[in-house]
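Asks: First the structure, which I've put down as structure tokens, then a few questions once you've had a look.
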Amino acid sequence: MSKYAGIVLAGGMSSRFGEPKALASWQGGTFIEHILKVMTSTLQEVVVISHSDIKERVEKLVQVPVIEDIPHYKGNGPLAGIVSGMEYIEADWYAIMPCDAPNVSHEWFTILLGQTSNEYDAVVPIINGRKQPLLAAYHNRVKEKIYALLQEEKRSMVQLLSQCNVKYIAGEDVQANADWFINVNTKEEYVQAQKDLSNE
């Protein structure tokens, strides 16, 4: 069993973005390739959770396993993806990553995993005053809490956090690097993120 593993939530077609975000072009590759390059530099084991409509395309791009949600919970949002990844890889802690934050740095995973300890169920950053539960780390024991929520047809990350002993991190090293956590939800945000990248 690894101490740490990574779970990337690739999702599928995005109505707001107009295409699958995981496959959007970024730095000569795609969002998903860039995120995996960063994660695999820090984590030995990483799995991608993908919607069936893009799974084959993602598999051609990446060198890590690509799976779909556990059938019973298919389509139940990020909680289903996280628990599916936890079932696929055995680890003590899981670093979660959405596919629409392409600016993430390997330094972030070093900071995040450095904050984990057995007394906590989760480590979650607070960026510009907002909790970021999909850019966080969760202990293996959270798996049972997720199953309990899904059984009750609850899909909210906020509901999960309310049941966990969470260590929130909002230190200088996090706030000074808020651009690591930029989410790209629309084409406008995508254009802006590319501009910001070329200005660096």
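Cβ coordinates are placed from backbone N, Cα and C, and glycine is handled just like the others.
Checked Swiss-Prot, it gives:
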type	residues	note
BINDING	Leu9, Ala10, Gly11, Lys21, Asp69, Asp100	GTP binding site
BINDING	Asp100	Mg(2+) binding site
Asks: Within 10 Å of the Cβ of Gly11 (GTP binding site), how many other Cβ atoms can be counted across all chains shown?
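Replies: I get 22 for this one.
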Asks: Looking only at Leu9, Ala10, Gly11, Lys21, Asp69, Asp100, which the record lists for GTP, tell me the maximum pairwise CA distance in angstrom.
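Replies: It comes out at 18 Å between the most distant Cα atoms.
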Asks: Hey, of the binding-site residues listed (Asp69, Asp100), which one tops the CB count within 10 A?
Replies: Asp100
Asks: List, in sequence order, the same-chain residues at least six positions removed whose CB sits under 8 Å from that of Leu9 (GTP binding site)?
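Replies: Leu9 (GTP binding site) has long-range Cβ partners Ile49, Pro78, Gly81, Ile82, Ile96, Met97, Pro98, Cys99, Leu134.
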Asks: For Lys21 (GTP binding site), which DSSP three-state class applies?
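Replies: Where Lys21 (GTP binding site) sits, the three-state DSSP reduction gives helix.
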Asks: Tell me the Cβ neighbour count for Ala10 (GTP binding site), meaning other Cβ atoms within 10 Å of its Cβ, over all protein chains shown.
Replies: 27
